[in-house]
Amino acid sequence: MTIALGRFTKEEKDLFDIMDDWLRRDRFVFVGWSGLLLFPCAYFALGGWFTGTTFVTSWYTHGLASSYLEGCNFLTAAVSTPANSLAHSLLLLWGPEAQGDFTRWCQLGGLWTFVALHGAFGLIGFMLRQFELARSVQLRPYNAIAFSAPIAVFVSVFLIYPLGQSGWFFAPSFGVAAIFRFILFFQGFHNWTLNPFHMMGVAGVLGAALLCAIHGATVENTLFEDGDGANTFRAFNPTQAEETYSMVTANRFWSQIFGVAFSNKRWLHFFMLFVPVTGLWMSALGVVGLALNLRAYDFVSQEIRAAEDPEFETFYTKNLLLNEGIRAWMAAQDQPHENLIFPEEVLPRGNAL
């Protein structure tokens with residue numbers, strides 16, 4: 001029996017090879033296989049958002065004006081969620097709600113599901129792009145892993161939370177003031193700021209900002225003065241092999257300041273990755289819990305004592321009263337489909353009235 005040793009080579013390139021060559025070619029803007037998902041989805045998500053904020057009203061879904069055409073500005077314009085009566089319908093243009101009528105589709109809130117779903121897949125495509133490029137240049141995939149954190153937050157807030165509620169209506173609309181409204185809603189109806197997952201998210205984001213500031217300042221403080229350029233950016237060759245700052249000096253400085261310091265760069269930079277990513281993951285988990293209407297801390301003993309003793313009040317019981325005010329005000333204004341009517345004496349009054 002004869003055994004032939006050698007490498008198998010194709011005589012001709014098939015369609016996959018041709019596409020792979022073109023997609024992964026070295027060009028100014030890398031496309032890649034991930035680009036087949038990223039670029040169309042990002043284009044449609046951004047296009048839908050610009051279209052909605054420019055032309056489309058929220059009168060039929062929220063009883064609001066929400067477009068530049070109606071007089072809104074960048075901070076008040078939004079692509080609003082569909083009405084609560086449409087529940088979790090995907091609101092396809094050709095579906096039973098719009099029946100192929102583009103104007104009716106926009107009026108019903110179809111642009112929101114369009115932007116939300118294309119936006120989610122666009123973010124996933126961007127993460128896959130980082131995986132693909134890292135693999136191409138033989139890097140580890142920590143950039144993509146880090147980017148999974150904002151994806152988790154987006155998916156939990158815009159998709160999982162409304163799926164746990166009665167409809168897309170309770171998701172945030174895509175706009176600046178609309179997001180603020182959603183934050184107030186979360187506080188009033190879920191007491192979100194007292195949720196430990198929210199606390200971990202805040203600690204992660206603010207802790208990451210602190211770490212970035214400390215790290216950047218420390219590197220700037222310990223730069224070697226071995227270049228004759230006019231400033232930091234001209235003094236060093238970007239391809240030089242040697243380091244441009246002293247880790248030993250930085251370690252000694254922070255050891256004197258805090259008594260402890262990072263001993264090597266790997267642990268330092270992993271910690272800078274770990275803090276914000278873990279914080280965002282935890283906050284995403286908390287939002288999933290809110291989708292199921294899970295409650296966080298309830299200090300019942302303080303509530304009972306405050307109810308029995310008018311002179312006893314804590315910041316916790318005060319916040320509960322504020323939350324009641326938010327609910328009383330927002331329920332009628334924010335959910336017009338419920339036709340809620342509250343007596344005047346229970347509604348908060350302000351200078352705007």
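Keep in mind that glycine also has a Cβ here, set from the backbone N, Cα and C atoms.
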| request: Examine the ranges 20-40, 41-61, 314-334 and name the one recorded by Swiss-Prot as transmembrane segment. | output: 41-61
| task | For the transmembrane segment (41-61), find every same-chain residue at least 6 residues outside the stretch whose CB is under 8 Å from a CB in it, and list them. | result | 67-70, 72, 77-83, 106-109, 111-112, 114-115, 118-119, 121-122, 125-126, 169, 173-175
| request: Among Gln130, His198, His215, Phe262, these being the binding-site residues, pick the one whose CA is nearest to that of His118 (chlorophyll a ChlzD2 binding site). | output: Gln130
| query | If you measure from the Cα of Gln130 (pheophytin a binding site), which of the binding-site residues His198, His215, Phe262, His269 is the nearest? | reply | His269
| Pairwise CA distance, Phe262 (plastoquinone binding site) versus Asn143 (pheophytin a binding site), rounded so that it is a whole Å | 22
| query | For His198 (chlorophyll a PD2 binding site), what is the tally of other C-beta atoms lying within 10 angstroms of its C-beta? | reply | 22
| remark: binding-site residues near His215 (plastoquinone binding site): from Asn143, His198, His269, Cα within 10 Å gives His269
| remark: His269 (Fe cation binding site) to His198 (chlorophyll a PD2 binding site), Cα to Cα, whole Å, comes out at 24
